[in-house]
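See structure below.
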Amino acid sequence: MKVAIVGTSGAVGQEFLKVLAERDFPMDELLLFGSSRSAGTSYTFKGKQIVVKELKHNDDFKGVDVAFVSAGAGISKDYAETITKFGAVMIDNSSAFRMDNDVPLVVPEVNAADAKVRPRGIIANPNCTTIQMVVALKPLNDISKIKRVHVATYQAASGAGAAAMDELLQQYKEALNGDPVTVKKFVHQLAFNMIPQVDVFTDNGYTKEEMKMYNETRKIMHTDAEVSATCVRVPSLRAHSEAVWVETEKPVSVEEARNAWSNADGVILQDNPAEKEYPMPLFIAGKDPVYVGRIRKDLSNEKGLTFWCVSDQIKKGAALNAVQIAEYLIKEGDLK
Ligand code: 2RA
């Protein structure tokens, strides 16, 4: 098994190195690719130094079985043919192909089998906010079909990349020192603030991030459920949180929901309000599952249920989900 990472120096690229080592992903060789800027840098993987090669339109992907790609939509579009032309499966973290009909969009806990049909050799990894939400929604949808979802997100700086995390720390220092605050990666100062804009606005008044939650949820869950999202950047460092209101066809009780989540793949129930126990991003950064808590009936809707979920956006929201897709293909004998 020959594995490649494209976009090694980014936050998600670095997480790929960690997740592949942590899960002892079966492989004989790991190739690292990056821009001309990061080419030549070396990273340690399982005690071995690997030098980053510059991504070029050549035959470097000959013999590669799976390529984990996280270098932005432009690079994914530009290099998809180069990466897949010798048969490598490209698992793409960008938004480039997510809504294409001939590219499956996969969260293994929800629609793993979709990964088997990939006419272009590309499998798309969904946006992080969608991934954690659909992992939490799936067990409810199995009890009674979800008709409607309202969600408000609380997205950490990590969603905007490694440099954005550094900028948030810098902003806190500058603000506390009374210095002018550096604003480059966010649209406003994030330290001591919240920004109700993640990505750019579309014509209907929703942001691209919010429309991803609408479109991707429907594609992954094979549903016509309506989804309305408000996505907010908050000044936490890592792990996204979401407040979710769900309307199902038939009422689902809190007990049924708890039971379903207790037995669901990839979910940890953390819901003991009497002991002040519920998921919080500070403590969930670096963890694999989606944590669910604050479960209660929606007072405004007898078919409604409300909950809170938190998950590490770089891990389950990106690198881990992609690696789990590859693990599923291996298990199914569909990848070497
Ligand atoms: C964000 N969801 O948090 C995005 C990253 N894909 O900015």
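Yeah, the Cβs are placed from backbone N, Cα and C, and that goes for glycine too.
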NADP(+) binding, same site as Ser9, Gly10, Ala11, Val12, Arg37, Ser38, Ser158, Gly159, Pro180 - TrEMBL member from Gln270, Gln313: Gln313
Collapsed DSSP category at Ala11 (NADP(+) binding site): helix
Candidates near ligand 1 among the recorded positions Ser9, Cys128, Gln155, judged by a Cβ under 6 angstroms: Cys128, Gln155
Neighbourhood of Cys128 (active site, acyl-thioester intermediate) by C-beta distance under 8 A, where only residues 6 or more apart in the same chain count: Gly159, His240, Ser311, Gln313, Ile314, Lys316, Gly317, Ala318
Inter-residue Cα distance where the pair is Arg233 (substrate binding site) and Ser158 (NADP(+) binding site), in Å: 10
For Pro180 (NADP(+) binding site), the one of Arg98, Gln155, Arg233 that lies nearest, given that the binding-site residues are compared by Cα: Arg233
